[in-house]
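Working notes, structure below.
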Amino acid sequence: MRAHPAGPRHADVLVPANTAGPPPSTSDELNELHPRVWPRSAERDPDGVLRIADIDVRDLVEEYGTPLFVLDEADFRARCREHAEAFGDPALVHYASKAFLSATVARWVAEEGLSLDVASGGELALALHAGFPAERIALHGNNKSLDELTTAVESGVGVVVLDSFLEIARLDQIARDRDVVQPVLVRVTVGVEAHTHEFIATAHEDQKFGFSLAGGDAAEAVRRVLRSPGLRLIGLHSHIGSQIFDADGFEVAAHRVVGLLAAIRDEHGPDTVAQLSTVDLGGGLGIAYTAQDDPPPSAALAEQLRAIVRRECAAADLPVPRVAVEPGRAIAGPGTITLYEVGTVKDVVLGGGARRRYVSVDGGMSDNIRTALYDAVYDCRLVSRAAGDDTGAALSRVVGKHCESGDVVVRDCWLPADVAPGDLVAVAATGAYCYSMSSRYNLLPRPAVVAVSDGKPRLLLRRETVEDLLRLEVP
Ligand SMILES: Cc1ncc(COP(=O)(O)O)c(C=O)c1O
Ligand SMILES: N[C@@H](CCCC[NH3+])C(=O)O
């Protein structure tokens, strides 16, 4: 998600455009596990081998193979708690399950008291299968099917976030047919250009989500919901994008959402607006993918968001609603790494004296599409041993094994110059939108996901097998 700078000259080699920054000057730097980027329990043992939650990653690889997602349970739970504390009530924090979901993770989220945001019938089914309390689930989606809406109503989900006029009519009918009144939020497109990659910004006008505020659709959606006996409007929703580091975009969003609350009061009266107890400002809280990233702590951002809503409501003379949020990445992202085994190391001559080192690993764009999709930047380290004092660093491109030249896992990183087949490397902060966006491209089986806690591994999702890959075939 960064522009690629022009390449500097390093030693006798023209280093091609490099997003990894200058070369490390010491082996300590080459071995560093920056605390903002790596799981909280990550450390190197005296031989330089990575341990997570007190487990040697080589033991994990021996047991579960590579590629392997390793999830630090304490890290995940701590981030749930920190968000819960920051927003004053765990139920106001909806973990965005699209970032990563398994039944066990759903149970952790439930145990921590958080709510859950699901965006499809599949995510809803998994949450319900895990026993997640339906009343703490919010269903999202710009194109929810009749089946999804029906399941949501019949299972008693706490809230459906409305996204189209057709959906208002459909959901009203489904709820009335079952003699229930379904709580809903109206998703508002606030027209904010979030400072993030254009593919993950969601509140500028020209996109598929929500009801436009500027065009008057949001006010019309509110009118229609208020006329629908099967629906109960409990508030408004806005989501401006993802991987956002400052509160400016949220501030504009909150300002505009509160402006709509004021308009609702003026049109429908104070009793109606008093029922709108919730303003959900969505997800998008950013994390550090590399040491250069320095996102604000959740407590600071929460305080800012709540202060903004308080101030805007005071200015508009409105009762202050509860501020809910939907963090996915900020909870799931930092506590997980992906372990890969190095397969080949190839130095390619680019012309003009430039060379590029390609380090091929045994996964790729099927387990992490984010680099190909968003130019995402990651931190990658050698983790099965330390970099030697005299080895030096080589600017490396970590690539997968897919039949695709864009199959890049980490575009640029400094790895020890003697990285060799059989070494293990780890990519940090892969807990969000890696497994959940994984594919079967080239029929690579999906990796396993193992949680680690207090020296004990626990398999959450087993590795796919060839039998799994063949299972959908109809003979
Ligand atoms: C409506 C909604 N809520 C929450 C999220 C979670 O976003 P993030 O993982 O950036 O917190 C997303 C994804 O961007 C989303 O679309
Ligand atoms: N999938 C995106 C974030 C957007 C998802 C939610 N709307 C990512 O990997 O960064």
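Cβ atoms here come from the backbone N, Cα and C positions, even for glycine.
Per TrEMBL, the feature region 'Disordered' maps to 1-33. Marked as domain 'Orn/DAP/Arg decarboxylase 2 N-terminal' by TrEMBL: 74-332. According to TrEMBL, the feature pyridoxal 5'-phosphate binding site maps to G284, E326, P327, G328, R329, Y433. Residues annotated as substrate binding site in TrEMBL: R329, R370, Y374, E404, Y433. Feature annotation from TrEMBL assigns active site, proton donor to C403.
A distance of 13 Å separates the Cα atom of R329 (pyridoxal 5'-phosphate binding site) from that of R370 (substrate binding site).
Ranked by CA distance from Y433 (pyridoxal 5'-phosphate binding site), the recorded positions R370, Y374, C403, E404 have R370 at the top as the closest. Residues G284, E326, P327, G328, R329, Y433 make up the record's pyridoxal 5'-phosphate site, and a Cβ search at 8 Å around their centroid adds A96, K98, A99, S242, G283, L285, A330, I331, A332, G333, A432 from the same chain. Of all the binding-site residues listed here (R329, R370), it is R370 whose C-beta has the fewest other C-beta atoms within 10 angstroms. A Cα-Cα distance of 16 Å separates G284 (pyridoxal 5'-phosphate binding site) from R370 (substrate binding site). For the substrate site, whose binding residues are given in the record as R329, R370, Y374, E404, Y433, the maximum C-alpha distance rounds to 27 Å. Neighbour counts of Cβ atoms within 10 Å were taken for the binding-site residues G284, P327, G328; the minimum is at G328.
C403 (active site, proton donor) sits 34 Å from P327 (pyridoxal 5'-phosphate binding site), taking the CA atoms of both as reference points.
On the backbone, the CA of E404 (substrate binding site) and the CA of G328 (pyridoxal 5'-phosphate binding site) stand 29 Å apart.
On a Cα basis, R370 (substrate binding site) lies 15 Å away from G328 (pyridoxal 5'-phosphate binding site). Here the binding residues for pyridoxal 5'-phosphate are G284, E326, P327, G328, R329, Y433. Their largest Cα to Cα distance works out to 15 Å.
Among the binding-site residues G328, R370, Y433, residues whose Cβ is positioned under 6 Å from ligand 2 are identified as R370, Y433.
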